[in-house]
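K.L.:
Straight out of TrEMBL:
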- 14: site 'Transition state stabilizer' (SITE)
- 21: site 'Transition state stabilizer' (SITE)
- 152: site 'Positions MEP for the nucleophilic attack' (SITE)
- 212: site 'Positions MEP for the nucleophilic attack' (SITE)
């Protein structure tokens, strides 16, 4: 069996909104609705949602039950940091061989991308999605002067979903909890796995539309993508 963990506990400080970004309205639906819908329509067997206590009833009643998402089997409370939330989600999982971990604030993820992740994680055991960079990237010094230009052909914008053998990523996260003070630089699950179990992740092609809602501009962009999708389907 495979499962998907959707992280919906973020506070969205950069959005400057009292409502967390994953619950903001996007073309009439909460942002979280779209990633849930994609996972529901994919080959994922079960979904676990990680969210704050304040929004748990809202998710259960106004999203999952209202829109009849049948694959949601468990809920977990979010933690202080993202890594705490992932760990809490993993502890709610039973009988899972492969797990995909996804940011609920990435509404444009598609069932196809999710299925691609499932296919590739079974082959490589650890995968992350990413896209080639389009812009020139430069180092800057502490006075904002430009330094070396990086070779963008060797760089990727890392996204979610990220996929792993369930028992491996769970073990890695439990080890992280024992060594948090020395590992504050960790930003995603692939880093957790590599640092504590030594397994590197293969980067597979993501989707340029699979943006993370972080600022108000991102909502506008996601809305445009949805309008385009509706137009193409009409």
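Using the three backbone atoms N, Cα and C, a Cβ is placed for every residue, glycine included.
Could you give the neighbours, burial and distances for every feature on this list?
P.N.:
In the shown protein chains, 26 other C-beta atoms lie within 10 A of the C-beta of residue 21 (site 'Transition state stabilizer').
Mapped onto three states, the DSSP output places residue 152 (site 'Positions MEP for the nucleophilic attack') in helix. Taking Cβ-Cβ distances under 8 Å and a sequence gap of 6 or more within the same chain, the neighbours of residue 152 (site 'Positions MEP for the nucleophilic attack') are 132, 133, 135, 136, 137.
Sequence-distant contacts of residue 212 (site 'Positions MEP for the nucleophilic attack'), defined as residues of its own chain at least six apart whose C-beta falls under 8 angstroms from its C-beta, comprise 103, 105, 106, 159, 218. Secondary structure from DSSP puts residue 212 (site 'Positions MEP for the nucleophilic attack') in coil.
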